[in-house]
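Q: Pulled these features from Swiss-Prot for this protein:
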{"type": "ACT_SITE", "residues": "Thr169", "note": "active site, nucleophile"}
{"type": "BINDING", "residues": "Arg197, Val198, Gly199, Asp200, Thr220, Gly221, Val222, Gly223", "note": "substrate binding site"}
Amino acid sequence: MTTLVVHGGAGRWAVSEEKRQAVKRALEDAVREGLAAMLRGGAVDGVVAAVEYMEASGLFNAGYGSVYALDGRVYMDAGIMDGKTGRAGAVAAVEGVKSAVRLARAVMELTDHVILAGEGATLLAKRLGLTAPFYKFYSEEKNRQFSQVLEEARQGKWHFKRVLDFADTVGAVALDKDGNLAAATSTGGVWLKLPGRVGDSPLPGAGFWAENGVGAFSATGVGEVIILSTLSLRARDLLEQTGDIRAAVEKAVEYVTRRFGPDTAGLIGVDARGRFAFSYNTRAMARGWGKPGEVRAEL
């Protein structure tokens with residue numbers, strides 16, 4: 001059964017009703033874009049189209065909406081995995097790229113590597129025509145938030161769990177009509193990160209995983225926690241053991257909560273039969289899902 005699930009990040013989502021509705025519409029539209037791409041191609045096309053739509057929206061902490069590092073610059077991470085081939089591609093700490101997930105796909109399909117970082121990833125983006133003007137990554141709203149978190153840091157009030165008040169990684173998982181699975185995740189990281197910091201989003205087994213016959217997963221939350229818990233691979237193993245996608249994602253997030261505390265992670269997953277689930281230990285998680293002719297989203 002053709003199925004696509006997206007997330008727009010786990011966290012507080014304490015936003016205005018106007019933004020809440022805009023985010024919900026963006027999630028629904030991302031699912032529609034992904035489903036349309038899947039009908040033309042397959043699962044990989046679907047997750048790329050869905051994530052790219054969210055990157056371009058500017059509403060999430062990915063693509064044009066990416067947050068600022070400590071030096072005031074924007075560095076993005078993204079990763080993708082093809083469940084049919086077992087191949088993955090990712091980019092880390094890349095600047096000025098219009099779609100980090102498209103660049104990650106290029107790494108997967110056009111190179112022998114899994115991850116490209118920093119200047120090397122940016123150079124590949126230039127060669128592929130995937131760069132964008134730097135001004136597109138800055139806005140008055142983000143400038144205001146940057147000033148706010150800088151002041152909190154000066155007062156000693158800033159800590160990693162606070163990133164989920166502001167940050168909302170995006171991701172997608174899909175099962176296509178041929179039974180192929182794919183997963184993708186994209187993010188701008190966390191406010192005030194040190195330049196060069198890499199989170200979970202470009203790391204297979206942490207921020208994403210896809211494997212035909214088993215399932216596909218995309219994570220969101222505090223990157224360091226997701227890396228240390230190998231969240232997506234943990235969910236994959238639980239799914240293989242239990243055969244229950246809901247139990248797999250819930251138990252994986254429960255492990256994170258026991259080990260690292262609440263307000264740290266969220267996860268979406270789909271299995272080889274098109275059954276899907278999501279779990280999170282935060283106040284909320286933006287998510288959308290659908291199949292041809294049926295699309296829904298919630299915050």
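Placed from the backbone N, Cα and C atoms, the Cβ positions cover glycine too.
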Q: Quick check for the class: what is the C-alpha distance, in angstrom and rounded, between Arg197 (substrate binding site) and the residue listed as 'active site, nucleophile'?
A: 15
Q: Near the Cβ of Thr169 (active site, nucleophile), how many other Cβ atoms are there if near means within 10 Å?
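A: Within a 10 Å radius of the Cβ of Thr169 (active site, nucleophile) lie 33 other Cβ atoms.
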Q: Just counting, how many other CB atoms are there within 10 A of the CB of Val198 (substrate binding site)?
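A: Looking across every protein chain shown, the total is 20.
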Q: Where the record says Arg197, Val198, Gly199, Asp200, Thr220, Gly221, Val222, Gly223 bind substrate, what is the longest distance in Å from one Cα to another among those residues?
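A: Per the listed residues, the maximum Cα distance equals 16 Å.
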Q: Between Gly199 (substrate binding site) and the residue listed as 'active site, nucleophile', how many Å separate their Cα atoms?
A: 11
Q: Check the DSSP secondary structure of Thr220 (substrate binding site), expressed as helix, strand or coil.
A: strand
Q: C-alpha of Val222 (substrate binding site) to C-alpha of Thr169 (active site, nucleophile): distance in Å?
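A: Given the Cα positions, Val222 (substrate binding site) is 10 Å from Thr169 (active site, nucleophile).
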Q: Using C-alpha atoms only, work out the spacing between Gly223 (substrate binding site) and the residue listed as 'active site, nucleophile' and round it to an integer in Å.
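A: The residue listed as 'active site, nucleophile' has its Cα 10 Å from the Cα of Gly223 (substrate binding site).
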Q: Just how many other Cβ atoms lie inside 10 Å of the Cβ on Gly199 (substrate binding site)?
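A: Around the Cβ of Gly199 (substrate binding site), 28 other Cβ atoms lie within 10 Å.
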Q: Specify the count of other C-beta atoms within 10 Å of the C-beta of Val222 (substrate binding site).
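A: Summing over all protein chains shown, Val222 (substrate binding site) has 25 other Cβ atoms within 10 Å.
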Q: Enter the number of other CB atoms within 10 angstroms of the CB of Thr220 (substrate binding site).
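A: Around Thr220 (substrate binding site), other Cβ atoms within 10 Å: 34.
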Q: I need the CA-to-CA distance for Thr169 (active site, nucleophile) versus Thr220 (substrate binding site), whole Å please.
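A: Cα-Cα distance, Thr169 (active site, nucleophile) to Thr220 (substrate binding site): 6 Å.
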Q: If you count other CB atoms within 10 A of each CB, which of Gly221, Gly223 wins among these binding-site residues?
A: Gly221
Q: Specify the count of other C-beta atoms within 10 Å of the C-beta of Arg197 (substrate binding site).
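A: Within a 10 Å radius of the Cβ of Arg197 (substrate binding site) lie 17 other Cβ atoms.
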